[in-house]
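One structure is given here, and the rest of the page talks about it.
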Amino acid sequence: MGSGWSNEEEERQPLLGPGLGPAPGAARRGREAAAVLPAAGPGPGRVYGRRWLVLLLFSLLAFAQGLVWNTWGPIQNSARQAYGFSGWDIALLVLWGPIGFLPCFAFMWLLDKRGLRVTVLLTSFLMVLGTGLRCIPVSDLTLRKRLIHGGQLLNGLAGPTVMNAAPFLSTTWFSADERATATAIASMLSYLGGACAFLVGPLVVPAPNGTAPLLAAESSRAHIKDRIETVLYAEFGVVCLIFSATLAYFPPRPPLPPSVAAASQRLSYRRSFCRLLSNLRFLMIALAYAIPLGVFAGWSGVLDLILTPVHVSQVDAGWIGFWSIVGGCVVGIAMARFADFIRGMLKLILLLLFSGATLSSTWFTLTCLNSITHLPLTTVTLYASCILLGVFLNSSVPIFFELFVETVYPVPEGITCGVVTFLSNMFMGVLLFFVTFYHTG
């Protein structure tokens, strides 16, 4: 059913390389744990096969949350015609995601005090309410739009858990040589859900035909609205199934901890914030994560809106967003598995990924400014530059999460990742505001 306890020597090996540590409080995930349990020895702890089921349920929840969050961006042209949405409405539907992070610290407290099961059940219940609100059939278009906005907000409130709890879950259920991989899978599935929205939306919902006669346009509008509602009902059904599964089986913790670090005493909620805010090294790494990842997440959510001025179709924008995120998920999980086996290389991995992201974003920018740079603006160059940018940035997420946890141990994982994802969503919100202002001003 399970394998043996991860030994203390393995726990003492930091994932951080010599270039980043050990700073005060850094790379102590194993040493402080061993100090807390000096008499425990190898003990009776072990890993359980059910850990993969727990990881699967959490990952599916994260996938659904990302899918629902990104429902409207890839089909913004169709949504405008079907529901009369403005550019501000489309951006606000995406913006409810970062707005949902405002009570992030309450979810962090709940995760720290009540554990995974209570937090995950509350999160999935909010998603059931949110996706259900979007499906209420009312004839009043204004009321329908308000229900859709309310549903997106409730789904946004689920964001703090699915984005923050991955390292907490991996430490609670997985051994030291599986933690980075488990963190990568749990954190990347939310991004994969957003990627599938780029695929599902444009393929299921047809783009509007602006040159059709009036009667044909009315028929097309009704057809587009029916297809959008099909997507909404399907997402509601998926979320209900996931909620039922987590309600039936989602244990808060294994009978015995999988490692010394999992059984160690952590700092209190208040002391954790004091430790985080006073750790300059952590704040620097947090900004290195929050600024590029927050801006890119907001940019991806309104990619169709951004690429419309350069005459990129709704379907092409959807495929670009899909492959950029899927590539990042695959590479991110591979990088995390590599980090599990080769310890001490997180800094080097991040430097390589961000170097690639810098080159890719520069290529994309210069291509879009072709009137100045005279570089060819083709489908191939747009696909290549956007996909490479997504691959390099998204694949850095699980590596960053492990780096955060290593840097500020013994601060609880949920609190650490909650702070950095809150910062990331603040930068996402700022970007979405400026994009909206530019396109509607």
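Keep in mind that glycine also has a Cβ here, set from the backbone N, Cα and C atoms.
Noted in TrEMBL for the protein shown:
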- 1-26: region 'Disordered' (REGION)
- 52-70: transmembrane segment (TRANSMEM)
- 90-111: transmembrane segment (TRANSMEM)
- 118-137: transmembrane segment (TRANSMEM)
- 157-176: transmembrane segment (TRANSMEM)
- 188-205: transmembrane segment (TRANSMEM)
- 231-250: transmembrane segment (TRANSMEM)
- 280-299: transmembrane segment (TRANSMEM)
- 319-336: transmembrane segment (TRANSMEM)
- 348-366: transmembrane segment (TRANSMEM)
- 382-405: transmembrane segment (TRANSMEM)
- 417-438: transmembrane segment (TRANSMEM)
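Taking residue pairs at least 6 apart in sequence, the transmembrane segment (157-176) and the transmembrane segment (382-405) share three or more C-beta contacts under 8 angstroms. Taking every listed stretch (118-137, 188-205, 231-250, 417-438) in turn, the largest tally of C-beta pairs under 8 A with the transmembrane segment (90-111) is reached by 417-438. Among residues of the same chain six or more beyond the transmembrane segment (231-250), those with a C-beta under 8 A of the stretch's C-beta atoms are 53-54, 57-58, 60-61, 64, 67-68, 71, 116-117, 120-121, 124-125, 127-128, 131-132, 134-135, 200-201, 204-205. Here the transmembrane segment (319-336) sits apart from the transmembrane segment (118-137); fewer than 3 CB pairs are under 8 Å, leaving out pairs fewer than 6 apart in sequence. Remote same-chain partners of the transmembrane segment (348-366), defined as residues 6 or more beyond its termini with a Cβ less than 8 Å from a stretch Cβ, comprise 17, 19, 288, 292, 335, 338-339, 373, 375, 381-382, 384-386, 388-389, 391-393, 395-396, 399-400, 403. Sequence-distant contacts of the transmembrane segment (417-438) (same chain, at least 6 residues past either end, Cβ-Cβ under 8 Å): 87-88, 91-92, 94-95, 97-99, 101, 104-105, 107-108, 159-160, 163-168, 273, 276, 286-287, 289-291, 293-295, 297-299, 301-302, 305-306, 400-401, 404-405.
A Cβ distance under 8 Å defines the sequence-distant neighbours of the transmembrane segment (52-70), meaning residues of its chain 6+ beyond its ends; these are 94, 96-97, 116, 120, 123-124, 127, 130-131, 152, 155-156, 158-159, 162-163, 165-166, 169, 173, 182, 185-187, 189-198, 200, 235, 238-239, 242, 245-246, 249-251, 300-301.
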